Amino acid sequence: MASHDYLKKILTARVYDVAFETELEPARNLSARLRNPVYLKREDNQPVFSFKLRGAYNKMAHIPADALARGVITASAGNHAQGVAFSAARMGVKAVIVVPVTTPQVKVDAVRAHGGPGVEVIQAGESYSDAYAHALKVQEERGLTFVHPFDDPYVIAGQGTIAMEILRQHQGPIHAIFVPIGGGGLAAGVAAYVKAVRPEIKVIGVQAEDSCAMAQSLQAGKRVELAEVGLFADGTAVKLVGEETFRLCKEYLDGVVTVDTDALCAAIKDVFQDTRSVLEPSGALAVAGAKLYAEREGIENQTLVAVTSGANMNFDRMRFVAERAEVGEAREAVFAVTIPEERGSFKRFCSLVGDRNVTEFNYRIADAQSAHIFVGVQIRRRGESADIAANFESHGFKTADLTHDELSKEHIRYMVGGRSPLALDERLFRFEFPERPGALMKFLSSMAPDWNISLFHYRNQGADYSSILVGLQVPQADHAEFERFLAALGYPYVEESANPAYRLFLS
């Protein structure tokens with residue numbers, strides 16, 4: 001089917017019984033930073049918080065009445081499932097929804113809420129492709145009509161109405177429209193419409209690095225099935241793209257860019273700062289891709305449109321997003337630093353951090369000769385981490401830059417510590433101090449040099465006050481003097497030396 005055939009299907013698509021024309025909203029802060037006008041096509045504001053409602057309803061509106069009466073079935077990573085459930089409830093038909101077991105609970109609950117008693121939810125497999133295989137078996141057993149999440153002309157046309165709205169809402173020059181890609185339905189529909197109406201506008205697909213089936217397929221010239229897919233951007237975790245979507249993307253798409261998890265987290269934060277809305281990872285793909293493209297191509301004063309495709313975010317994922325956004329936006333650098341285990345070296349190292357805001361500081365005495373510190377600091381530009389590491393090295397502190405090391409960011413930062421045979425006469429304290437620039441360095445400066453620091457843990461949580469865990473080696477003979485030191489210190493504290501968890505894991 002050529003683009004002009006899809007043009008007719010898109011123009012006559014039945015989506016507005018359930019969906020509405022979403023805003024094309026300027027992202028003012030992001031535009032200023034990228035030096036390019038950026039507009040967000042706010043599909044995250046649809047009734048199911050995702051664009052998927054368009055294609056699902058359009059497909060179901062074209063199913064013959066007798067087949068529709070028997071019921072429909074679909075497989076989905078979550079958002080299409082909500083679209084089918086919502087449409088089924090509106091049409092008064094039964095629907096079976098198969099979702100992967102990895103689907104966020106917020107999406108599973110929403111499917112049931114939108115569909116009501118007429119919807120049956122089955123969880124099967126770890127990815128969309130696994131759920132799809134199971135759905136085909138159920139379809140054959142029950143004689144249901146399958147509503148494909150992306151590889152169907154009516155679904156593609158329904159998603160293509162987004163492009164129709166964008167070009168009507170912004171009739172001036174547009175350099176590129178960025179769309180997320182899982183199976184390719186949205187990208188295929190948008191590209192087919194744009195190339196039929198405004199062929200000078202680029203359409204760029206965006207995928208997660210660990211779920212880039214379309215990028216690999218276009219590079220190979222044929223559909224490539226991935227052995228595994230990453231699940232952070234669960235809404236686009238597709239192992240094999242559709243036949244029709246691949247054909248259309250191969251013909252009309254101008255390219256695909258891939259982004260990592262940190263870039264996705266940074267994009268979620270960017271959209272929040274401009275709109276006060278929280279996108280899901282897949283919903284932020286287009287924004288992350290637009291940022292990467294603008295930086296890579298070195299463009300300025302070019303209008304960029306990003307489709308914010310969904311906002312079905314699990315609340316408990318937000319902490320991870322907040323932490324990783326700093327690295328993705330080149331605002332945090334992470335290092336492992338080795339310092340000599342001698343009096344004054346800890347404080348000397350801290351002085352090198354200077355006026356930079358410390359985001360994390362983990363240390364545990366482990367060796368009589370040297371100590372290893374895990375430290376995070378805020379940075380202002382890409383590449384600054386290399387300068388900081390070089391400065392540490394020039395002052396005799398062996399340094400490893402871990403800013404882009406996945407193991408360190410995901411696990412090691414939480415595992416620094418443990419029992420130490422060298423932590424003799426250790427007493428453990430939680431200190432509280434106001435969270436402001438320079439406050440950590442001021443606290444460290446107030447630590448008396450008479451007692452060795454054997455443990456130190458700090459993480460900036462974004463609160464107005466922070467808690468620091470400090471272990472100090474205080475011989476029995478020094479207890480009276482140490483108590484006077486604590487009283488004069490001026491920071492609220494709680495001694496945790498008798499804490500059961502400390503006794504089990506650290507003492």
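Just so it is clear, glycine is given a Cβ too, placed from its N, Cα and C backbone atoms.
According to Swiss-Prot, the pyridoxal 5'-phosphate binding site annotation covers Asn79, Gly182, Gly183, Gly184, Gly185, Leu186, Ser309, on the basis of similarity to another entry. According to Swiss-Prot, the feature domain 'ACT-like 1' maps to 333-404, an assignment based on sequence analysis. Summarising the annotation, Swiss-Prot assigns domain 'ACT-like 2' to 427-498 and lists sequence analysis as the type of evidence. Among the features that Swiss-Prot reports, N6-(pyridoxal phosphate)lysine is placed at Lys52, with the record citing similarity to another entry.
Using the Cβ center of Asn79, Gly182, Gly183, Gly184, Gly185, Leu186, Ser309 for pyridoxal 5'-phosphate, the list of other same-chain residues with Cβ within 8 Å runs, in sequence order, Lys52, His80, Pro149, Phe150, Gln159, Pro180, Ile181, Ala187, Gly235, Thr236, Val238.
Taken over all pairs of the listed pyridoxal 5'-phosphate-binding residues (Asn79, Gly182, Gly183, Gly184, Gly185, Leu186, Ser309), the Cα spread reaches a maximum of 14 Å, rounded to the nearest whole number.
For the domain 'ACT-like 1' (333-404), the model's average pLDDT works out to 84. Other Cβ atoms within 10 Å of the Cβ of Gly184 (pyridoxal 5'-phosphate binding site), summed over all protein chains shown, number 34. Neighbour counts of Cβ atoms within 10 Å were compared across the binding-site residues Gly182, Gly183, Gly185; the minimum falls on Gly183.
Listed in sequence order, Val48, Phe49, Ser50, Phe51, Lys52, Lys107, Gly235, Ser282, Ser309, Gly310, Asn312 are the same-chain residues at least 6 apart in sequence whose CB falls under 8 Å from the CB of Asn79 (pyridoxal 5'-phosphate binding site).
Per DSSP, the secondary structure of the domain 'ACT-like 2' (427-498) breaks down as 22 helix, 28 strand, 22 coil. Neighbours of Leu186 (pyridoxal 5'-phosphate binding site), defined as other CB atoms within 10 A of its CB across all chains, total 31. With helix defined as DSSP H, G or I and strand as E or B, the domain 'ACT-like 1' (333-404) counts 20 helix, 28 strand, 24 coil.
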